[in-house]
């Protein structure tokens, strides 16, 4: 049998991750949209690191899912969403039962708000329930040192930072390097199986997490500003809104996929479509006039600085 995965504080990201893992285990579920009920326009895309098929009793795979929330209304919504994915009760949803859920689990995914980590991990009985288990936190700004102070030394603590695109299994997740232990190999495979099921996964030292949060966590929001501006420009020049947005979206998606190809570089792609005296170079010069490069880079810098402040104790 595989392991039991418990999601503490199963909100938007918890739903997305759990649904992605379920979808990777049950490929037919990809025909169902999580939120809209509409078919996913593309069941698999280049660049998505999907795990290779493994046996049902593989220890790297979850065989049972428990999602924990604090309100009955949230539990009802969760059950409806998970039923929409698989058409059944694949996930056990509990209300106000964190301790018992963790006791039944082998791997725990902490998905609450950063400010709620202390209260959840200091709940009576949680520390004992987590002993000897793998705790994966996706909380922005809450460090491994902070998390480790709330659990026993036998608990393996890992940080992961997925982004919003994991909702459609095109996410980018950064995971902290695992501490050396007898179970390090299996723990790493478990983490890879979870986050590779919702997109790309990269291991980095924890010192890079604030920058990673700004770049890949906040990055989709920054990209959407650029995307919306491109569409607005198309509308200004006479294109219908829907078509302008489609053209801009596919252009950015295609450019990103090209940049992810081995040996590719954004500058190389840019130069390949920039002909002497053409429209591309004219537009590029307008972007340079607006200091687009430095503005975007500064946005990453400011977001990184803010990420380092989140999850830390507030001082009055």
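Cβ atoms are placed via backbone N, Cα and C, with glycine included.
According to TrEMBL, the feature NADP(+) binding site maps to 8, 9, 10, 11, 12, 13. Within 10 Å of the Cβ of residue 12 (NADP(+) binding site) there are 10 other Cβ atoms, across all protein chains.
The region 'Disordered' annotation in TrEMBL covers 36-59.
Break the domain 'Pyrroline-5-carboxylate reductase catalytic N-terminal' (64-140) down by DSSP state and the numbers are 33 helix, 19 strand, 25 coil. The domain 'Pyrroline-5-carboxylate reductase catalytic N-terminal' annotation in TrEMBL covers 64-140.
Sequence-distant contacts (6 or more apart, same chain, Cβ under 8 Å) of residue 98 (NADPH binding site) comprise 8, 68, 120, 123, 126. Among the features that TrEMBL reports, NADPH binding site is placed at 98.
Across the range of the domain 'Pyrroline-5-carboxylate reductase dimerisation' (206-310), the DSSP-based residue counts are 83 helix, 0 strand, 22 coil. What TrEMBL records for 206-310 is domain 'Pyrroline-5-carboxylate reductase dimerisation'.
For the binding-site residues shown (8, 10, 13), fewest C-beta neighbours within 10 angstroms: 13. Each of the binding-site residues 9, 11 was scored by how many other Cβ atoms lie within 10 Å of its Cβ, and the smallest score goes to 11.
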